[in-house]
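TrEMBL lists these features:
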| type | residues | note |
| --- | --- | --- |
| TRANSMEM | 20-43 | transmembrane segment |
| DOMAIN | 32-442 | domain 'Cation/H+ exchanger transmembrane' |
| TRANSMEM | 55-78 | transmembrane segment |
| TRANSMEM | 84-101 | transmembrane segment |
| TRANSMEM | 113-137 | transmembrane segment |
| TRANSMEM | 218-240 | transmembrane segment |
| TRANSMEM | 261-285 | transmembrane segment |
| TRANSMEM | 305-323 | transmembrane segment |
| TRANSMEM | 344-365 | transmembrane segment |
| TRANSMEM | 385-405 | transmembrane segment |
| TRANSMEM | 417-437 | transmembrane segment |
Amino acid sequence: MGVDVGTLLSKMNLLTTSNHGSVVSINLFVALICACIIIGHLLEESRWMNESTTALTIGICTGVVILLTSGGTSSHILVFSEDLFFIYLLPPIIFNAGFQVKKKQFFRNISTIMLFGALGTLISFIIISLGAIGIFKKMNIGSLEIGDYLAIGAIFSATDSVCTLQVLNQDETPLLYSLVFGEGVVNDATSIVLFNAVQNFDLSNINTLVVLQLFGNFLYLFILSTLLGVVAGLLSAYIIKKLYFGRHSTDREIAIMICMAYLSYMLSELFSLSAILTVFFSGIVMSHYTWHNVTESSRVTTKHAFATLSFIAEIFIFLYVGMDALDIEKWKFVSDSPGTSVEVSSILLGLVLVGRAAFVSPLSFLSNLIKKSRGEKIGFRQQFIIWWAGLMRGAVSMALAYNQFTRSGYTQLRENAIMITSTITVVLFSTVVFGLITKPLIRILLPSPKHLSRMVSSEPVTPKSFTVPLLDSEVDLDGHVPPRPNSLRMLLTTPSHTIHYYWRKFDDAFMRPVFGGRGFVPYVPGSPTEQNEQQWQ
């Protein structure tokens with residue numbers, strides 16, 4: 001059997017050229033990430049710019065350069081992939097969010113967070129979907145099906161509150177920060193669950209049964225996804241507590257935490273659950289139990305390692321979105337009617353504004369009805385910031401739009417191209433314009449007390465800030481110490497403090513002896529801590 005040496009050499013040369021092109025692309029992208037970090041640092045004190053806006057702007061400028069040097073054939077050096085986003089970039093961002101969150105504030109406001117993140121997203125989804133059906137059917141944008149309109153509702157219900165969170169301070173505005181942050185995580189999870197439900201259900205004949213199935217599917221995914229994340233976090237805590245990797249190598253402690261967190265995310269994807277919720281609650285549980293079981297050096301390393309991975313992933317996403325905004329292939333399909341694309345983008349942006357406003361004030365009113373402390377009530381200025389924080393659209397919207405309207409990053413249909421370009425326009429406009437206004441807007445509406453700013457700035461940022469116990473009881477925001485609940489009346493009058501109190505009792509009596517946590521000293525054979533370890537058994 002003969003071998004064609006010429007053909008073999010040509011294939012090898014083609015493979016080498018392809019690999020070389022990939023290496024060049026990766027080098028350029030890494031260099032751009034470095035540039036984003038440096039320029040972002042130089043603009044740290046800027047009144048207008050933030051990390052996401054900086055990366056987006058650099059991405060657009062880079063896209064222009066690539067577009068000019070390639071003769072108008074391409075504007076990016078990497079092809080967007082939903083797998084790249086959902087499997088590699090999103091997990092570290094969401095896990096770090098759960099790992100770094102101040103759990104006490106988050107769970108104290110969990111009812112309000114769920115109102116905004118779940119019910120509010122559902123209201124926004126309905127308004128945007130109905131608006132898209134009523135308006136786009138009258139326009140000449142192509143033949144979109146009912147599933148496409150509902151997908152549009154899910155795509156543009158996904159908020160991106162990164163710009164707002166970069167400006168808010170957890171210590172100065174703990175209530176507002178926890179609400180914006182918590183709603184953002186639950187909102188992303190809800191939007192993705194709705195999007196998957198739209199793709200999986202037969203929507204040719206919508207009736208009451210289909211609506212109930214969608215609602216039941218949402219509850220099923222939410223509960224199972226949360227449980228999977230909790231189990232993964234507890235399992236990592238138990239393994240590290242029992243085996244105590246730190247006596248041989250701190251690298252193993254860090255590795256097992258990273259691998260268990262990522263495993264929980266991929267298992268959730270494998271079982272078609274909400275991986276965002278899974279890895280978020282895995283991060284919360286790991287910060288409460290697992291993190292306290294590792295050595296001091298591992299604590300410092302994990303804290304900064306998770307934050308660094310999340311930071312790089314966020315920059316990568318915004319950098320690519322900026323470059324992809326100028327992709328000539330997508331704009332060719334709408335070049336004959338650019339006004340249509342602008343009109344669709346304006347309509348979508350208007351629907352986002354209306355859909356957001358439709359639930360913030362009503363749900364804030366409901367939340368205020370069950371809050372007894374004045375400091376826990378959501379004022380008008382805070383409601384405005386919450387509304388504003390949810391107007392920006394980002395990477396999740398882009399990824400969902402690509403998933404619905406493209407195949408492998410490309411589209412051949414005019415209506416799909418219009419929706420992709422409109423999504424890009426909304427993301428760019430909301431991130432750049434709204435993002436630039438966010439910092440001065442918050443400074444005007446929520447001026448920070450000077451003495452608090454000095455206190456916060458002088459407070460050292462160390463891993464010891466993680467020692468706040470989960471759902472701990474504390475002095476409320478009015479300076480009063482909540483009484484110990486001892487009756488059903490207390491449960492009805494101070495539900496959050498009551499739950500905190502009984503959770504702490506359960507946590508101290510059952511959870512920490514098994515899974516470790518705050519106050520646990522790692523076991524070292526032959527050391528005085530051996531007696532301490534025996535007390536936990």
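Every residue, even glycine, has its Cβ placed from backbone N, Cα and C.
Heads up, TrEMBL stuff is auto-annotated, nobody curated it.
Since this is a predicted model, take the numbers as computed values, not measurements.
Please situate the listed features within the shown structure.
If one looks beyond the transmembrane segment (20-43) by at least 6 residues along the same chain, the residues whose Cβ comes under 8 Å of a Cβ in the stretch are 49-51, 54-55, 58-59, 62, 77-78, 312, 315-316, 319.
For the transmembrane segment (113-137), the residues of the chain that approach it from at least six positions outside its boundaries are 106, 144, 146, 149-150, 152-154, 156-157, 178-179, 182-187, 189-191, 194, 222, 344, 347-348, 351-352, 354-356, 358-360, 363, 366-367, 386, judged by C-beta separation under 8 angstroms.
Long-range neighbours of the transmembrane segment (218-240) within the same chain, counting only residues 6 or more positions beyond its ends whose Cβ lies under 8 Å from a Cβ of the stretch, are 118, 189-190, 193-194, 197, 253, 256-257, 260-261, 263-264, 267-268, 271, 273-286, 288-290, 293-294, 514-517.
Same-chain residues lying 6 or more positions outside the transmembrane segment (261-285) and placing a CB less than 8 Å from one of its CB atoms are 86-87, 90-91, 94-101, 103, 106, 185-186, 188-189, 192-193, 196, 221-222, 224-226, 228-234, 236-237, 306, 470.
Under 8 Å from some Cβ of the transmembrane segment (305-323) lie the Cβ atoms of residues 29, 32-33, 36-37, 40, 51-52, 55-63, 66, 75-78, 80, 85, 88-90, 92-93, 95-97, 99-100, 162, 254, 258, 283, 394-395, 398, 424, 427-428, 431, all in the same chain and six or more residues away from its ends.
Long-range contacts of the transmembrane segment (385-405) within the same chain: residues 52, 80, 82, 85-86, 89-90, 116, 148, 151, 154-156, 158-165, 176, 179-180, 183-184, 187-188, 191-192, 195, 199, 317-318, 321, 324, 352-353, 356-357, 360, 364, 378, 411, 413, 416-417, 419-420, 423-424, 426-427, 430-431, 434-435, 438, 441-442, 445-446, each at least 6 residues beyond the stretch ends and with a Cβ under 8 Å from a Cβ of the stretch.
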